[in-house]
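Visitor: Have a look at this one before I ask anything.
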Amino acid sequence: MKFAIFGNTYQAKKSSHAATLFKLLEKHGAEICVCREFHRFLKSDLKLNVKADDLFDENNFDADMVISIGGDGTFLKAARRVGNKGIPILGINTGRLGFLADVSPEEMEETIEEVYQNHYTVEERSVLQLLCDDKHLQNSPYALNEIAILKRDSSSMISIRTAINGAHLTTYQADGLIIATPTGSTAYSLSVGGPIIVPHSKTIAITPVAPHSLNVRPIVICDDWEITLDVESRSHNFLVAIDGSSETCKETTRLTIRRADYSIKVVKRFYHIFFDTLRTKMMWGADSRV
């Protein structure tokens with residue numbers, strides 16, 4: 001099998017996990033391609049002698065499977081690079097939460113064995129696409145988790161006029177607005193009171209950030225509907241954050257958000273169940289009185 005490896009470049013203390021991964025793949029005779037930036041970090045900064053049959057930049061690669069070793073942020077970066085290639089992504093968690101990257105370092109060896117035995121499942125995760133005339137946002141307009149519209153450099157709220165399929169929904173007076181996929185519903189959206197949505201739902205969550213109203217609540221819509229946003233701000237600009245990567249926009253920029261025409265394939269072990277992950281990672285339903 002041919003693997004493309006992505007990893008973060010700051011977790012020096014957890015370098016042994018990366019070394020273990022490469023040894024496991026080499027043991028199976030895998031063809032290993034490594035993101036050049038990650039390879040440089042391993043070789044130059046950590047002095048690890050890892051096998052790499054090829055190095056690649058940006059999205060200039062092909063593979064049977066992508067492995068992301070790091071946290072959920074590393075997984076999101078890998079997903080951005082994979083784009084519409086249709087390559088499944090396996091996430092190994094060396095970060096904190098690990099909701100997307102949910103294979104622990106202790107499970108690595110067993111998981112790689114399962115990959116070679118074709119004993120795993122692949123989940124299709126929907127992606128959001130942002131359409132606008134801002135050239136900076138056009139470089140990477142896709143989000144696996146969320147697209148967030150936020151105020152910038154001001155204590156004043158922004159006004160976000162929101163339409164669904166051309167029909168006016170409301171004008172949010174708030175610090176921002178989060179448009180999230182089911183995958184992203186357990187990320188930024190959850191932290192501001194958004195709903196938890198099971199990954200396979202064909203829906204999009206719209207959640208305001210600190211709205212100046214008691215009558216505004218999150219809303220869930222069909223994922224084949226189109227969202228149009230017009231923003232007004234006293235500073236005449238605002239932030240757009242796509243899976244955490246942000247750019248400044250002028251308030252004259254109209255934003256259109258819809259489901260992308262491709263999905264991200266996420267590799268899951270058979271016994272990794274979404275509701276189990278909710279309980280163990282998010283402490284869902286935990287009661288200290290019991």
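Just so you know, glycine gets a Cβ as well, placed from its N, Cα and C.
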Visitor: ASP72, GLY73, LYS77, ASN145, GLU146, THR186, ALA187, TYR188, SER189, LEU190, SER191, ALA210 bind NAD(+) in Swiss-Prot, but which of ASP133, ASP134, ASP175 does that record place at the same site?
Guide: ASP175
Visitor: In whole Å, how far is ASP72 (active site, proton acceptor) from TYR188 (NAD(+) binding site) when you measure between their Cα atoms?
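Guide: Rounded to a whole number, the Cα-Cα distance is 12 Å.
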Visitor: If you measure every Cα to Cα pair among ASP72, GLY73, LYS77, ASN145, GLU146, ASP175, THR186, ALA187, TYR188, SER189, LEU190, SER191, ALA210, the residues listed for NAD(+), what is the largest value in Å?
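Guide: About 28 Å separates the two most distant Cα atoms.
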Visitor: If you count Cβ atoms within 10 Å of the Cβ of LYS77 (NAD(+) binding site), leaving out that atom itself, what do you get?
Guide: 19
Visitor: If one measures from the C-alpha of GLU146 (NAD(+) binding site) to the C-alpha of ASP72 (active site, proton acceptor), what distance in angstrom results, rounded to a whole number?
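Guide: Cα to Cα, GLU146 (NAD(+) binding site) and ASP72 (active site, proton acceptor) are separated by 13 Å.
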